[in-house]
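Feature list (source: TrEMBL):
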- 1-106: region 'Disordered' (REGION)
- 81-93: compositional bias 'Polar residues' (COMPBIAS)
- H259: active site, nucleophile (ACT_SITE)
- K261, K492: substrate binding site (BINDING)
- H490: active site, proton donor/acceptor (ACT_SITE)
- S515: site 'Interaction with DNA' (SITE)
Amino acid sequence: MLQEGAHGKWTVSSSDESAEENSDTEKPCTSSLSDAACGRTSGPQYRCSEARKAAHKRKASPLKLTDENLSTEIPPVAKQRPSQEGSGWCLSSSDEEPEDQQKHAHKEAVKVEKYDVPKEHPLNLCKDDRLSENLKEEEYNETPSEAQDTWDLVTGGNPFRFFLTKVSGIEHSYNSGALHIKDILSPLFGTLISSAQFNYCIDVGWLVRQYPQEFRKKPLLIVHGEKRESKAELIAQARPYENISFCQAKLDIAFGTHHTKMMLLLYEEGLRVVIHTSNLIAEDWHQKTQGIWLSPLYPRLCKGASGSAGESATNFKSDLISYLTAYSSPVLKEWIDLIQEHDLSETRVYLLGSTPGRYQGSDKEKWGHLRLRKLLKQHALSIPAQESWPLVGQFSSIGSMGADGSKWLCSEFQESLVAVGSSGTTFRKCDVPIHLVYPTVNNVRQSLEGYPAGGSLPYSIQTAQKQLWLHSYFHKWSAEITGRTHAIPHIKTYMRLSPDFQKIAWFLVTSANLSKAAWGALEKNGSQLMIRSYELGVLFLPSAFGLDKGYFHVRRKMLPEWKDSATYFPVPYDLPPEKYGSKDQPWIWNIPYTDAPDTHGNMWVPS
């Protein structure tokens, strides 16, 4: 069936897809683990999504535009079908359900055209060279002066404690205010006693190597959402390490994931909390744009302190304990007790989490987008003409939004994001402009990683073809201000800005993508909120930083010497975002791109 939208024509398969699709996060795939058990190395040696598995395959076996192997990579039926004119999507027919995508990569038709590889990208690597390139993802070593810079950065003039991850391959100056995981785990930050790592995709061996040698045998708790075979494989990864234990997060609602990314670091000197957006795998800390909130060092309270001692004005301590309590895990009781024993009063951000469940009454406002709505009503100041202040959402994956905006995006979700003050003012449907930032095909093609960067953007054709209306909200990824235009974003951010994009009413960095699974969806005529996944983020509100005007200014230069005050917030990408042009398409991971080479001279055939 041919469909036409603002961004070209798409030929889509006939399919009886499930009405309830929630493929917003990176769906689990464990077939590569089975491959490894059989002595094959076609994929990563840890659980990951089909999209990331396809990226690993293309990195291990690149397809040049002149590669004769192409003919064997494209399904025979597909080769007989010409692609649509222009740069449309073309799929073979399929009866595959969305939830079955984790088992079978979709087979697509492609139009093969010959292009010369650009001379500025002469990366025609042999197998050994590619191995060397892969190892570079893991290499990270600081000089003593860089270590001192990192320490100064964390202890000095960053009132927001919001950082980006370091990116390999960009100008050095753009990494001067950034952190690598090895920085976070460095003894400069504290003498580690034990740690807990909450995450989605975990390479245990790589994670252990990120700890300094003297901390590698300290107790490490890994909190995950794996089940059955993938759980067994994760435990098998940790078999060589006697200090590692596990906590399995309960996921009782279909399609849910443990998507939270957090570190709890207990030191001899105190406690630190890190909430971030990176999976615990090498590629997520190599050439992607990621976000980190790094707490202050929380000192231990005096013995005999009251139960409410050490609380912040933002209620961060009790909210973090509530979030951990939601796991209903005896293993996490030790960490809850440790948090209780520390002084978190210097925290200036609000915690915003999602936990799986169906919530009614006052419990509805504890999690997801209704939690954001409550926080904004309680703590965001009303600003004149605020109905004209647009919303910006930026993310790396997209769930099923429904047949039109009224189903969720421009109704309950938007209502939460535009909440302000205690007046409960609401605006008519889509009166408030919405700008959604999601990478285009060209963003991915021209990235540092090339097409394989799209493995961390698992927006599928099955979802996209049902919501072409959504693409009219899309804006390109551009981050010249942080030198990260070519570092594909895995960070997720949401904010409310003035019409001239000079002021910010609030800013959120989170693990939550644009999906009902992550944020929750109302049921039973609005009396119940259903959330599928675990997510976690932190909300920056001007009032918590001593600002009484109701907004931050947007920082226009991302230089370390900007240490003036909490007045200027460091938005990590360019504002205002640029709307998709007529030839731009959103990146869709499970269709081929063969019309132009990426920065390594390769094309993308995911099958």
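Cβ atoms are placed via backbone N, Cα and C, with glycine included.
Annotated features taken from TrEMBL, shown on the structure.
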residue: H259; record: active site, nucleophile; Cβ neighbours (10 Å): 31
residue: K261; record: substrate binding site; Cβ neighbours (10 Å): 28
residue: H490; record: active site, proton donor/acceptor; Cβ neighbours (10 Å): 25
residue: K492; record: substrate binding site; Cβ neighbours (10 Å): 24
residue: S515; record: site 'Interaction with DNA'; Cβ neighbours (10 Å): 28
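In this structure the alpha carbons, written CA, of the residue listed as 'active site, proton donor/acceptor' and H259 (active site, nucleophile) are 13 Å apart.
Note: the CA-CA distance between H259 (active site, nucleophile) and K492 (substrate binding site) rounds to 12 Å.
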